[in-house]
């Protein structure tokens, strides 16, 4: 024991502690990278990210290329508001650097006055410091102002660009229903964009200021202590920077995983809010609590690993970028003073040596701190690489979807019970859509889901304006799929589809969508008030649409057309369905798809609505199980759910089924 204790010096203990922490770091890093691939026995909530195509999140040429691509969006022109803020920040950074140099020189002179007991010098330089305080404070706060404004400008530019792509045509629908590369786009469009913009601006500031400091201090120090000192510091920067960059590589990937788990956690919470009524009826709070806790547990486990990794990296960063850098600084600045034969200080007095040492030492200290900040900025750059990878992936997916390309796991034809095993493979977009008025015609169209699950192998029928069609069949037979193909939400896998343009085809769902806005907005959606004026439709005509669905009283009840309410809560189920029919009368399409949209409406009101649709020339495709609606239709399309269908004219001999 005595032989062992003699090695337990403070120095050896510190080295052992550092080695132990480094070992823990490497072990924890290995665990963190493989943790969620092995530990979780449950599949992820939304496995939308392909395992074979993981996004790179390291600082390399790919990262710089991606960052450059996004910067062109955020700074679109040479002369723009963002450029002005970039110049303002650059000017303020230069001014702040010169303020720092002046503060060092003036502070040294104040201390020289105190040590030399010169009341006159002390008062003069102290007065200079007091006089400069407002200017220095103004520079610092102008810098903060420029940084905050630039963050906001970048966020506005990037958000507008992404939403322009996201809300183009049906891209927002395709991303969630046709493509499975992006999970939780709301997380990317809100939090990730904000964090990316903040990280870019902070990195610009955290790199520009230290570089300016280094250039200026090298110039000042070279004349004071020679070129060898600054060169030694730069060499140390290069070696330590390469070493720390290598250690920080997992940060980018861990950042991507953090945002992914945050998105999943946000998704399950919003899902609970959206479906709260159904969950309450099922008394499913315990099950939902298990789901939320399970997702939250994955997030917490990852954050624990990330926190420990950052702690370990912070320990190493502090030693290498701060303390060892300071030691190197002391070694460099002390050389001309400890060298008794150095020509610069051969004839210097004690006071001159002291003043020269303070000034050179503080400049070198500031330079070493600047070098340390550059080294530490690598950590933020690695984190930025994670956000950049996610934003770039979102941009690429949006671009693909807007060009009709999407990626989704396709169902194997051998897994199907339909005669599709011998059929040629389905290719999204292989069919042809022909726009023509007053006709809907399916010509040898395979009805299939986006992942290739065939519902009907070959669908063919034709409907002209004026001939209403009743669509019936069990759940999952393809009724909603038919409408999605008609609405061009789903791709056409083959054949020819003749139909009117999108604006001449209207869809009324069982649970109508009530937009945010006024009572008028509920009737004319998606039009606005200006669109209503352009169409020449007065408020009196709108009132007539409400009267047609027996909702005229709601105008007085809710306080007029410009009343703003939460209409999803204010209107009952039947009122919402009738409001959707009033919306249909406002738009007057050639064809309308009614998907169980009168299930909460009385039979007499329903009968009047269908009669009025025929009167105004709206041809209907109706999904309903009510026998009372057969009299309003000329044809029926029955799907049996096993890939078969029949399209026939309704006659007196037709057996009506339903309730």
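A Cβ is built for glycine as well, from the same backbone N, Cα and C atoms used for every other residue.
Annotation comment: Swiss-Prot describes 2-61 as region 'Interaction with PEX19'.
According to Swiss-Prot, the N-linked glycosylation site annotation covers 12 (among others), on the basis of sequence analysis.
Feature annotation from Swiss-Prot assigns N6-acetyllysine to 61 (among others); the stated evidence is similarity to another entry. For residue 61 (N6-acetyllysine), the Cβ neighbour count at a 10 Å cut-off comes to 7, with all displayed protein chains included. Following the DSSP three-state reduction, the secondary structure of residue 61 (N6-acetyllysine) is helix.
Swiss-Prot lists 84-104 (among others) with the feature transmembrane segment. Within its own chain, the transmembrane segment (84-104) is flanked in space by residues 75, 129, 132, 135-136, 139-140, 142-143, 146-147, 149-150, 153, 204-205, 208-209, 212-213, 216-217, 220, 359, 362-363, 366, which lie at least six positions past its ends and keep a Cβ under 8 Å from the stretch.
If you look up Swiss-Prot, you'll see 85-372 marked as domain 'ABC transmembrane type-1', on the strength of sequence analysis.
The N-linked glycosylation site annotation in Swiss-Prot covers 106 (among others). Annotation note: residue 106 (N-linked glycosylation site) sits in a helical segment as assigned by DSSP.
What Swiss-Prot records for 126-146 (among others) is transmembrane segment.
Positions annotated as N-linked glycosylation site by Swiss-Prot: 206 (among others). If you draw a 10 Å sphere around the CB of residue 206 (N-linked glycosylation site), it holds 16 other CB atoms from the protein chains shown. Mapped onto three states, the DSSP output places residue 206 (N-linked glycosylation site) in helix.
Feature annotation from Swiss-Prot assigns transmembrane segment to 224-244 (among others); the stated evidence is sequence analysis.
Its own atom aside, the Cβ of residue 260 (N6-acetyllysine) has 23 Cβ atoms within 10 angstroms in the protein chains shown. According to Swiss-Prot, the N6-acetyllysine annotation covers 260 (among others), on the basis of similarity to another entry.
According to Swiss-Prot, the transmembrane segment annotation covers 313-333 (among others), on the basis of sequence analysis.
Residue 399 (N6-acetyllysine) has a Cβ environment of 12 other Cβ atoms inside 10 Å. Positions annotated as N6-acetyllysine by Swiss-Prot: 399 (among others).
Among the features that Swiss-Prot reports, phosphoserine is placed at 424 (among others), with the record citing similarity to another entry.
If you look up Swiss-Prot, you'll see 434-659 marked as domain 'ABC transporter'. If you take every residue in the domain 'ABC transporter' (434-659) and average the pLDDT, you get 89.
Residue density at residue 474 (ATP binding site): 11 other Cβ atoms are found within 10 A of its Cβ, drawing on all protein chains shown. The ATP binding site annotation in Swiss-Prot covers 473, 474, 475, 476, 477, 478, 479, 480.
Under the DSSP three-state reduction, residue 533 (N6-acetyllysine) is assigned to helix. Look at Swiss-Prot and you will find 533 (among others) tagged as N6-acetyllysine.
In sequence order, 471, 472, 473, 595, 623, 639 are the residues near residue 479 (ATP binding site), counting only same-chain partners six or more apart with C-beta under 8 A. Residues near residue 480 (ATP binding site) in space but far in sequence (CB under 8 A, at least 6 apart, same chain), listed by position: 595, 623. The separation of residue 533 (N6-acetyllysine) from residue 476 (ATP binding site), Cα to Cα, is 42 Å. Close to the recorded ATP site, the chain also has 455, 481, 639, 641: residues not among 473, 474, 475, 476, 477, 478, 479, 480 whose Cβ is within 8 Å of the site's Cβ mean position.
The most densely surrounded of the binding-site residues 473, 476, 478 is 478 (count of other Cβ atoms within 10 A of its Cβ).
With respect to their backbone Cα atoms, residue 477 (ATP binding site) and residue 399 (N6-acetyllysine) stand 33 Å from each other.
Between the C-alpha atoms of residue 106 (N-linked glycosylation site) and residue 533 (N6-acetyllysine), the distance comes to 70 Å. Within 10 Å of its Cβ, the residue among the recorded positions 106, 475 with the fewest other Cβ atoms is 475.
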